[in-house]
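Feature annotations, courtesy of TrEMBL:
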REGION    33-59  region 'Disordered'
TRANSMEM  130-149  transmembrane segment
TRANSMEM  170-197  transmembrane segment
TRANSMEM  267-287  transmembrane segment
TRANSMEM  357-380  transmembrane segment
TRANSMEM  400-420  transmembrane segment
TRANSMEM  432-457  transmembrane segment
DOMAIN    460-566  domain 'TMC'
TRANSMEM  469-491  transmembrane segment
TRANSMEM  568-593  transmembrane segment
TRANSMEM  643-660  transmembrane segment
Amino acid sequence: MSEIIVVDPISAGRNRGAIISQYCNKTLKLRRRRQTRPSIRDFSPSSRPSIRSYGMEGDTTDAEVSKRERLVNNLQNLPVSDRVRMLRGMPLSVAEKKEIRHVARSHRFFLMQKEKRILSNKKLSCCSQLKYYIIIVSYPFWYSWLSFLHSLQPWQTLLKRVSGRFGTGVLSYFLFLKTLVFFNVFLFLVTGAFLVLPQAVHPPYRDTTSFSGLELLTGAGSFSHTVMYYGYYANYTLPRRSRDEGGGQNASTLTSDSQQFSYNMPLAYFFTIGMAFFITCIILVYSMSKTFGRSFRINKSNSILTMKTFSCWDFKVIKKKSVQIMSENIGTQLKELLAELTQKHTKSTFCKRFCRLMVHGVAWTICIASTTGCMAGVYYFSEFIHKVRLDGLSSPAKLLSLPTVVSVINLLLPALFNLVGWMETYESPSVFAYVAIGRNLMLKMSMLGVLCFHWLGRVCWEDFVGQELYRFLLMDFIFTLLDTLFGELLWRLFSEKVLKRKRKPVFDIARNVLDLIYGQTLAWLGVLFSPVLPVVQILKLFLVFYIKMSSVMLNCQAPRKPYRASQMTTIFITLLCIPSLLGASVCVTYTMWSITPSTSCGPFRTLDTMFKAGKHWMEILEKDNPSLSVLSKAHTYFVENPFFLFVGAGIFLIVIYFHSQVVDGQRKIISLLQDQIQNEGEDKKFLINRLQSVHKQKQDAGKRLKSQVSHLYNHQHF
């Protein structure tokens, strides 16, 4: 056997054949090390190792081609990682490396297909072969379908761009808006499928009015004679149509002759609204439990900073625009982590702490007093508008006056809160954001409380309440546009043109998020009186997303102090669940159980309360089918009894509480384990230092002993 020639990779005068020969030998050695001496029959004839691979005589063209073939055969039997590493180490041109890699890959694929085909023909049955071919054919379609589903997720590129330029705080606002779109789409699908569509297919007899255009502002007029409002829906079993809708015995559907019904609209209206709120509550509680686990876990900035620095780049991203967005995103996240690491908590004196507490007390007093004054003003103004409307002096301007006043308060008072917050001088931007969220939440919920008292305590005309909620949603959208125009665009132009500064306004996360929660609460309140109101909310959210996205990109700047908003999404979902959905559920439940419906319109016009629809239907069902009396008893104990409603709400709250406690316990355990790891590291350092000192002492003692022996020897010799 000839001797293996090893050529230096950087030696001069080496030709191409020597390079291929050298790496042919290397791949052969690596392949032999990887394999555990398999049988020769396990190899295909073209991939069996040959002793001819050790010969390297000659550099003719035929020899070079044969060496190249052997190199390809050896490469194709290596794992992918070893193959890539071996190709990278070859001192060949990029084109030659690509050619060798392509030939090895295609040849390997051909051999695998050939072996699979032979194996399948020999060992697999017909059913197994059919199953195998179905899997092979459906594999690329499955991945194409997954890629298509991923592409259907809206706004992915825009969200990545916002995250890269403005950080996780601004990103949390747009993610929260996206979540609200999902909830409203779900709500519309439920109400549209079970209420709007059946009633639109079988419309009742109504006198119609012409469209004037003011309906888009007031929500009244011809809109009152459509499926948009509660009063349009029939109180009988569809598809029956009746001209006598005044509420007599002939119009009442909840009679014993309804056993031949096809669709009971009052019952469908009652259970659709109830199930929509129930399913929404379950989804929100589940979302809260998931976000609690993700955002409140222990993640020290040191470890996250290391992961972000060394292992966060996605090498599958190759487009120039995508690479730029990813680099901006990673850079912003690194800034946030570094800001969290460099944040210093200085200990202040007693006088400074006392002065700071006094400033906080004054600030909260101003916020509470201003909110209380606005509540009183809205209450008395709503009473005045109510009297004007009873006198028959209503006009489009008067109908829009109350929503306008409330929207002006919601626009101006948060500016006062921000001014008070700047007076407090919070060190952490995240603390400032959370305090602003609390104050804006106090304002929004107090306004909604006054309005609910005004609507449910005095008015109680379902169509009017639905129209009011439509007007409030519309005015909220208009004032959002005005705030974007004057608060962001004109302020940027004034700062650049007049003040000659490059500073831009910072996006107010707290106020904008609470505006979203305020609008969503209106949508949840209005779904009982206007089943089509979720569509209005969806259109509003889509427009707000693109308007705010454009304004943020053009008119706003990133926060001067970067901060990592790791818990904002959890706080937003919690606020959406407990004050917003819970408050809307209480108002809707009170309306359905306690307030007498209108006697001239709506699906419950002949009943004392909306809640009696289910009870009356159960009585008829039990009368017609005595064997179904169990359902009637279950309805009596579980639906009519409010105790189970409070039990269900209590169970949800207990689940949230225990989940938060479990997460808190996990955080404590993780913190203790991290402290233990840190202590073990300190112990190792101490032991290493101790060993080094002992070793040094022994070396010094040995040197002294050696010097003493040498000195004694020299002395004796002398």
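Don't overthink the numbers, they just go from 1 along the chain as shown.
Any Cβ shown, glycine's included, is placed from N, Cα and C.
Here the transmembrane segment (400-420) does not touch the transmembrane segment (568-593). Their Cβ atoms form fewer than 3 pairs under 8 Å, with each pair 6 or more residues apart. Break the domain 'TMC' (460-566) down by DSSP state and the numbers are 77 helix, 2 strand, 28 coil. A mean pLDDT of 88 is what the model gives for the domain 'TMC' (460-566).
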